[in-house]
Amino acid sequence: LGRMKPVIVVHGGAGRIFKEREEGSRAGVVRAALRGYRILKQGGSALDAVEEAVRSMEDDPHFNAGCGSVLNEKGEVEMDAIIMDGKNLDSGAVSAVKCIANPIKLARLVMEKTKHMLLTDSGAHLFAQAMGIPETPGEKLITERSRERWKKNLEPDSNPEEFQKDLGTVGAVAIDSEGNVACATSTGGLSNKLIGRVGDTACIGSGGYADNHSGATSTTGHGESIMKVVLARLILYHMEQGMSPEMAADTALDYMKTRVGGLGGVIVVNSSGEWAARFSTKQMSWATVEDDQLYYGIYAGERHTKSVGEALASESEGF
């Protein structure tokens, strides 16, 4: 069998990225893509690569996932995450989890250590304890920015909807040298959301979907709209009908916009390793690595290119 050339695509959320956060968002998605690609390059699995890429963004306070997540109406962080294996359609997800640094790790454990696909709230918490995942005090996950925004949204004349434009779910899709695809998505959800609100991220087919027969996708944007059209699965359906990743993504995003007025963004890789990063919002931070070339951008039509060597050299972390 011919070896596939591995590809990883990541996103740091669709919406409006405020000027002062652009650099951090760009650097964060680039770092995540390079980390995931390093795993693929060493012959690692798509599953490990997407988990690592998402973990990297959960740990980065620039993104609305893990540390840096937005707060619910009560001022707490409640997070959702999903991971899916395109080989056998196995998936694991968690929703409304608190006090965990990396919900994506917990989602992977749900997939591999239980017969279930989705654990929520206190049950997810008990499972995390059983798996020996250290508890992170809630305050540790809260950034100054999230608290500021939460307070602003509590003011009687505030309009949380206005702030939702800066959504920042994170996600990754990949294909490895064996031709297996995987997706992973993680989020803190909507700012000032009702306690117990679960969006699209934890829902299979909405926040993400992966199937070796067609490809993998991870979504970001207005969760309720994404759920209405089952966006991730819709994109794969269009690819099954013969569309390219870019065409499939645009068609599905366009349908979501015209049918339910929802905006969002998606990253896609198909079973032959073609990829796309598309969005109907003003911006989406994204990065891709294939053939030792890094591509990244935030604005529509923006696409920077660097060699991986060059990119690693300028990574101050010098992995």
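Backbone N, Cα and C define each Cβ position, glycine as well.
Per TrEMBL, these features apply:
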type     : residues                                                       : note
ACT_SITE : THR169                                                         : active site, nucleophile
BINDING  : ARG197, VAL198, GLY199, ASP200, THR220, GLY221, HIS222, GLY223 : substrate binding site
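Put simply, THR220 (substrate binding site) is 6 Å from the residue listed as 'active site, nucleophile' when counted between their Cα atoms. If you draw a 10 Å sphere around the CB of THR169 (active site, nucleophile), it holds 32 other CB atoms from the protein chains shown. Between the binding-site residues GLY199, ASP200, GLY221, HIS222, ASP200 has the most other Cβ atoms inside 10 Å of its own Cβ, all protein chains included.
Within the same chain, residues at least six positions away from GLY223 (substrate binding site) with a Cβ under 8 Å of its Cβ are GLY189, LEU190, GLY199, ASP200, THR201, SER206, GLY207. Each of the binding-site residues VAL198, THR220 was assessed for Cβ neighbours inside 10 Å, and the highest tally belongs to THR220. Annotation for ARG197 (substrate binding site): spatial neighbours ASN72, GLU78, ALA96, GLY189, LEU190, criterion Cβ-Cβ under 8 Å with sequence separation of six or more.
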